[in-house]
Amino acid sequence: MKPNSEEEEELVQGVGPWDECFEVAVQLALRAGQIIRKALTEEKHVSTKTSAADLVTETDHRVEDLIVSELRKRFPSHRFIAEEATASGAKCVLTHSPTWIIDPIDGTCNFVHRFPTVAVSIGFAVHQELEFGVIHHCTEERLYTGRRGQGAFCNGQRLQVSRETDLAKALVLTEIGPKRDPDTLKVFLSNMERLLHAKAHGVRVIGSSTLALCYLASGAADAYYQFGLHCWDLAAATVIIREAGGIVIDTSGGPLDLMSCRVVAAGTREMAVLIAQALQTINYGRDDEK
């Protein structure tokens with residue numbers, strides 16, 4: 001369902017020092033969604049990055065260039081962390097400066113195959129604290145937003161996480177990550193097996209970490225975990241989950257480290273701890289050390 005003009009106006013209004021930034025992020029996410037929807041049906045030129053499963057297309061670059069160039073015009077003193085720029089060698093460092101954290105297409109493999117779970121993700125941090133997140137589910141025209149202290153919404157409707165605390169009643173989401181070597185796959189499958197042995201209702205992989213986290217924020221799932229995601233996958237969604245009443249932590253059970261390439265999120269702390277305790281770690285290094 002596409003947000004109507006009244007809903008868009010409600011989404012971009014607010015009280016706080018970053019209102020203009022939020023408004024621009026919403027409009028850019030909607031513009032990016034139009035580009036992606038059109039490109040979804042067209043022939044794509046696909047290349048790989050870190051592995052055969054880590055894909056990039058010309059649309060990833062086009063959308064990232066649009067978002068970053070427009071933001072630079074409006075906010076020339078701000079810093080940027082963006083997926084494709086980082087893949088090309090840009091340093092991934094979160095400072096105290098106002099910083100935009102951008103994934104132009106989350107779910108690129110889905111996009112290549114025309115599987116309709118694809119999103120644009122724009123996060124914003126100041127003094128290393130996440131202020132807001134905007135995620136546009138392009139194919140369904142769902143706009144997820146969260147602002148620190150102001151709640152989380154989808155097309156203007158307030159989001160609320162599940163309050164489930166029993167793993168045996170939980171639907172858990174995850175993603176595979178780009179590593180596909182035998183040892184990594186063994187641990188990935190073992191983690192799923194542990195949760196299923198604990199009688200979880202199910203474990204799902206949808207091909208987009210940002211949208212999986214949005215589904216968690218909306219109460220459609222009870223928990224999410226992953227090794228191998230990046231700060232641009234996580235930044236916007238973290239604000240949305242927290243503002244929907246959920247918790248986002250490290251897989252060790254400690255506080256979230258945005259650069260650690262690992263996460264557990266849930267509607268309740270009890271659920272997050274249960275998931276974290278069940279997991280065996282897969283080491284992907286850190287975003288700020290690559």
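FYI, residue positions are counted from 1 along the chain as it appears here.
Any Cβ shown, glycine's included, is placed from N, Cα and C.
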Identity of the Mg(2+) 1-site residue among E83, E129 (reference: D103, I105, source: Swiss-Prot): E83
Candidates D19, D183, D222, D233, the one Swiss-Prot lists with D103, D106 as binding Mg(2+) 2: D233
D233 (Mg(2+) 2 binding site) versus I105 (Mg(2+) 1 binding site) - Cα distance in angstrom: 10
Coarse DSSP state, helix versus strand versus coil, of S208 (substrate binding site): coil
Euclidean distance between Cα atoms of D233 (Mg(2+) 2 binding site) and E83 (Mg(2+) 1 binding site), Å: 9
D233 (Mg(2+) 2 binding site) and D106 (substrate binding site), Cα-Cα, nearest whole angstrom: 7
